[in-house]
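> Shown below is the structure under consideration.
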Amino acid sequence: MAQRAQLPQLELSLLLLVLLLGTAHEIHSLEVKKALSLRNFLWDQMTSTPNCFSQKSIHKNGATILEIVHQDHCSGKTVNWNQKLQKRLILDDARVRTLQHRIKNTNSSNIKDVAKTQLPLISGVHLQTLNYIVTMELGGRKMSVILDTGSDLTWVQCQPCRVCHNQQDPLFNPSSSPSYKSILCNSSTCQSLEYATGNLGVCGPTTPICNYYVSYGDGSYTRGDLGVEHLNLGATPVDNFVFGCGRNNKGLFGGASGLMGLGRSSLSMVSQTSNLFGGVFSYCLPSAEVAASGSLAFGGDFSVYKNSTPISYTAMIPNLQLPTFYFLNLTGISVGGAAIQSLSFGKAGILIDSGTVISRLPPSMYRALKEEFLKKFTGYPPAPGFSILDTCFNLSAYQEVEIPTIDMHFDGDAELKVDVDGIFYFAKTDASQVCLALASLTYEDEIGIIGNYQQKNQRVVYDTVGSKLGFAGETCSFV
């Protein structure tokens, strides 16, 4: 009788064990998926145009911190969001072709070989560009420029301008600035242009002033005079800053005044301020949510960061042909906690770029990622591909979905855990066409790119002196 009485207890114990195992399985599933609320994407509610150039600033621990606002919330009401969303990807594709063009041209050519400051950084949709915008003060005048880790020379449009794209800020007038000086042709600074831009500095027919020329490969270009001016990055002054005074500029620059080059040559913003900031800068790129903000920080004082996870570092890969770009060794990608298999991992460096929007992967790597993602994101109706994106779903009937996580792994056990806002791209505002926000390169031997869409809500730290790059989770917020 005693043995028979124990049977119900044994059955109960087994039942509890099954329930516990099931619960553990559910918890594990939650750990590899993220909830995405489709109600957060309410584009049609933007009815006014805020003044995105009246950004707040605070001083903290000696750092100057300027507010960053996402570009979507500086454009006011958009009549046709669907058309705008498609145009963004068309422009992004042009950006990628530009980078691949520059890489191929550089490979085939023979090119010779602290204080703490944070700036407000905003997404550039309001300036009709896909890139993020930061405001700097040049010669006493505020300029909104594109943040670009894939370029070196900082430049702005200048008067008199023979060919200029439309910009929201007034053109910089060097003749009205007592601190502006031209750089001469026979100077070492002029000679350094070839390394920074791929083009020699040249002299005009009637003047010894050094002329620069930068081509971005897709027909975009800037040319003008090389000059020196007083620069303010927030509250931090920078004397004798070398920049391009653009007299002839054309291309995909939107309404920005110019571009801030954050590459690694001697003419980049990073190199010219290394005595102040030690060659360290970082950014947190905001998402598209209302009131989201971010920051561009110069200097290695991590106390001003708001990261929620520790910073994990990976070494920058040196590239003798492309020494001014930032390359990393991508060793793997996990989708929903499962590692995908690809022979491309660890074979060629991947470029991290603040100006590219959608990340591009070698075809074999993208196919493996797509296959694993579709295994884990099941039961949702498909939708047609959209521009460069070929994995799309109709989620118009859902208010919230659970999507597989995507983690990128690098040398040194560094990880980029893609934020939930960086996994899906909304091609239609009613969520009837929502696409996986990654794309395939055309050829296996092309250079992969980590775009800014997958960098949102991350603190990305560039230590050019230590030759390392760090990632940490951070919900971008100015306050």
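Sequential numbering from 1, following the chain as shown.
Backbone N, Cα and C atoms are what each Cβ position is placed from, and that goes for glycine too.
TrEMBL feature annotations, pasted as is:
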SIGNAL    1-29  signal peptide
DOMAIN    132-472  domain 'Peptidase A1'
ACT_SITE  Asp148  active site
ACT_SITE  Asp353  active site
> Sorry to bug you, but what's the C-alpha spacing from Asp353 (active site) to Asp148 (active site), rounded to the closest Å?
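Here the two Cα atoms are 7 Å apart.
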> Including all protein chains shown, what's the count of other C-beta atoms within 10 A of the C-beta of Asp353 (active site)?
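There are 24 of them.
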> Within 10 angstroms of the C-beta of Asp148 (active site), what count of other C-beta atoms is obtained when all protein chains are considered?
23
> Express the predicted model's confidence over the domain 'Peptidase A1' (132-472) as a mean pLDDT, rounded to an integer.
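Its mean pLDDT is 91.
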